[in-house]
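A.B. asks: Annotation source TrEMBL lists domain 'Peptidase M43 pregnancy-associated plasma-A' at 182-309. Summarising the annotation, TrEMBL assigns region 'Disordered' to 34-66. Per TrEMBL, signal peptide is recorded for 1-22.
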């Protein structure tokens with residue numbers, strides 16, 4: 001959906017047109033399109049809202065081992081049997097980005113086009129080995145102080161997404177807001193889409209965009225981490241309450257080493273010393289600083305592609 005078609009649709013929802021105040025503290029501003037070519041460039045922790053948060057370089061709430069196992073069992077039941085030797089095809093997925101701000105300053109959440117372009121460049125670089133390209137179709141800027149300051153509240157999150165979200169299960173909706181300095185972002189998992197399609201998407205702390213103000217986490221990797229959740233990945237480490245520790249199923253990906261605790265900073269650690277492999281501090285689904293994050297494993301790529309096909313109806 002291109003920009004010229006987007007605002008008439010919003011006017012049907014909200015009784016507003018572009019550049020017109022639709023409600024108190026609610027103003028639409030036309031933004032600049034991001035890179036249409038799409039080239040270049042938290043685990044999901046469903047709480048009672050189905051959201052996964054990256055808080056203090058990690059997600060605020062975490063799925064139990066029982067929840068993750070149930071999700072894996074469901075995925076296995078939905079997977080097509082002929083996948084073993086089939087080569088992945090390249091896919092391009094549409095992205096709609098909503099910049100929620102309190103005013104037209106960077107401090108007020110007004111992210112400049114240059115930062116958005118750089119963020120999309122990083123996102124596409126990071127997903128290149130998964131053969132996934134993210135195509136930014138629209139950037140919509142909205143002045144709404146209540147959403148900007150408080151959307152991590154469940155009711156405001158639902159209100160915002162109900163009024164803004166576009167597309168079906170295969171469309172990535174990204175919302176940037178203030179959050180707190182301890183919450184970097186949160187995302188929904190593919191398996192939650194059928195229960196709450198309107199709530200689907202990724203919510204980001206605007207300070208995590210490249211060159212923004214959140215030190216150690218302002219190189220664009222928070223979005224990669226959260227989109228990893230949106231594609232079906234869990235964290236690489238054991239979640240709180242996992243009694244099995246290093247011997248558990250963890251993220252249900254075979255080629256990520258057992259990891260008992262999340263990585264902080266960029267310091268190597270081996271939290272499961274009795275098992276092969278050090279903790280994967282370079283993995284996008286750990287909690288390392290942005291400068292250390294570099295990769296998804298082949299197993300994670302396979303899981304993402306299976307999840308996207310099973311729950312978002314995106315062909316393998």
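Heads up, the Cβ atoms here are built off N, Cα and C, so glycines get one too.
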A.B. asks: Within the domain 'Peptidase M43 pregnancy-associated plasma-A' (182-309), count helix residues (DSSP H, G, I), strand residues (E, B) and coil residues, in that order.
C.D. replies: 37 helix, 12 strand, 79 coil
A.B. asks: Over the domain 'Peptidase M43 pregnancy-associated plasma-A' (182-309), what is the model's mean pLDDT?
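C.D. replies: Per the prediction, mean pLDDT sits at 93 for the domain 'Peptidase M43 pregnancy-associated plasma-A' (182-309).
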